[in-house]
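Participant: Below are the features I grabbed from Swiss-Prot:
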REGION    201-225  region 'Disordered'
TRANSMEM  21-41  transmembrane segment
TRANSMEM  60-80  transmembrane segment
TRANSMEM  87-107  transmembrane segment
TRANSMEM  112-132  transmembrane segment
TRANSMEM  145-165  transmembrane segment
TRANSMEM  182-202  transmembrane segment
TRANSMEM  240-260  transmembrane segment
TRANSMEM  278-298  transmembrane segment
TRANSMEM  301-321  transmembrane segment
TRANSMEM  327-347  transmembrane segment
TRANSMEM  364-384  transmembrane segment
TRANSMEM  393-413  transmembrane segment
Amino acid sequence: MTVAISNPAAPPVSARAYLSVIGGTCALLCTVGFVVAFGVFQGYYTEHLLRGMSEFDIPWIGSASIFLLYVSAPICGVLVDRFGPKVLLIAGSIGVLVAIFMISLCSQYYQIFLAQAVLLGISMGFVTWPPFAVVSRNLPHHRGLALGVITGGSSVGGIVWSIMIEELLTKRNLGFPWTVRVLGFTMLPLLAFACISITEPPKQSQPQPRPALEATVEGGSASPTPKPEYASLPLLRSTVFISICVGFGLAFLGLFNPFFYISSYAAGHGASAQTSSYMISIMNAATLFGRVIPGIVADRVGHYNVMIFVLLASGITSFCWTEVRSLTGLVIWSIAYGFSSGAILSLQGACAGKIATPQNQGKAIGFLQGSLAVTVLVGSPIGGQLLGHYGYLSLSMFTGATLVMGAVVMGYARLCLNRSPMEAHQFRFLLAPN
């Protein structure tokens, strides 16, 4: 059987679409970017504000924040598909700012947990997920690049917030409360711009033409075009979708461990406190390029193909973690891991969006992110337990193993695209590189 595919020409990109990308970048700079800078907070809490707490207790603040960020994704996905992004963005932005200013008043573990984990985590979810659905709808022909750019905002945030905290706390001696308040005042205009600029594409007066998919079998007869109602088949019945949820779930068990523990590893190998904190900034700077460049490549050679490669690359890099002992080597290692892991974070939305109709982009991305909530909750505390009992070697082996297992499952999902043509029809897959 021969499959011929004709794609409609990509429409010109509107100013509205560009503004949505910029607004989404600002949104993720203030949300995920703040989360990935938690390593700096963790170091300060361990040495000063929460001195005496165990290596197991403090990571729960960051993990719970990420958990609530991800567990809110399915709800946000459904709401943004139904009501649009504005209400979610405004409510979430207010919640983020309230949480930031509440952190500045905290001095006890339970207070920090309620403000930085619970309130901030939930509020960030309402700001983080709407841009993914809106940008996917605005730029369907450049989804990998567009989502790479907006997730690049989290990399910029990880750099900016880490350096700001370090500068204000140690060099300016501003104190923890006012340092956190400065962060909040910096976020205010960025979140306001995100609320204004992230808008849905204009509704079409007629349904957009679907890609023509014609199949010719031996004997000259052609198979019928897939029925439109196939597009509404529930995602949770898709073998491919279930496989990518499992694959990302395994990978996310260890994905964030280097971001949380690279500073303490550097300090343990002779780096100064300032240099150790800058390791997080170096890693986040590398993720910026990792989120954008692989997105450009993935739009050409396939999102699933690139995802499998970067999962394997991240896993192999993690296995080499404890073999790096010099400062120069640690910088190179941080760049390598940051680049490959950045691609994982940016392309997951493109992989999910590939199997959904334009109207269901929010649901597809939301269900995927929601399925990762438990693994991101327990991943870093498990890493902390391994570190406390067995050292960094066990932490690096755990991180590498989860990423490689994720790559294997993603490889299975990739094979399912070729072996299940009916499911490909049902989800409007193009039988091209995936």
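Heads up, the Cβ atoms here are built off N, Cα and C, so glycines get one too.
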Participant: Counting Cβ pairs under 8 Å that sit 6 or more residues apart, are there three or more between the transmembrane segment (240-260) and the transmembrane segment (87-107)?
Facilitator: no
Participant: Taking contact to mean 3 or more CB pairs closer than 8 A (sequence separation of 6 or more), are the transmembrane segment (112-132) and the transmembrane segment (21-41) in contact?
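Facilitator: Since 3 or more Cβ pairs under 8 Å link them, the transmembrane segment (112-132) and the transmembrane segment (21-41) do come into contact.
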Participant: Taking pairs 6 or more apart in sequence, does the count of Cβ pairs under 8 Å between the transmembrane segment (364-384) and the transmembrane segment (301-321) hit 3 or more?
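Facilitator: No, the stretches stay apart by this measure.
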Participant: Using Cβ atoms and a strict cutoff of less than 8 Å, what residues sit near the transmembrane segment (327-347) while being 6 or more residues removed from its termini?
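Facilitator: Sequence-remote neighbours of the transmembrane segment (327-347) are 32, 144, 147-148, 151-152, 154-155, 251, 255, 258, 262, 265-266, 269-271, 275, 279, 282-295, 298, 303, 306-307, 310-311, 313-314, 317-318, 320-321.
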Participant: For the transmembrane segment (145-165) and the transmembrane segment (21-41), does the number of C-beta pairs under 8 Å, pairs 6 or more apart in sequence, reach 3 or more?
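Facilitator: These two segments touch.
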Participant: Three or more CB pairs closer than 8 Å, sequence separation of 6 or more: does that hold for the transmembrane segment (21-41) against the transmembrane segment (278-298)?
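Facilitator: As far as Cβ distances go (cut-off 8 Å, pairs 6 or more apart), the transmembrane segment (21-41) and the transmembrane segment (278-298) touch.
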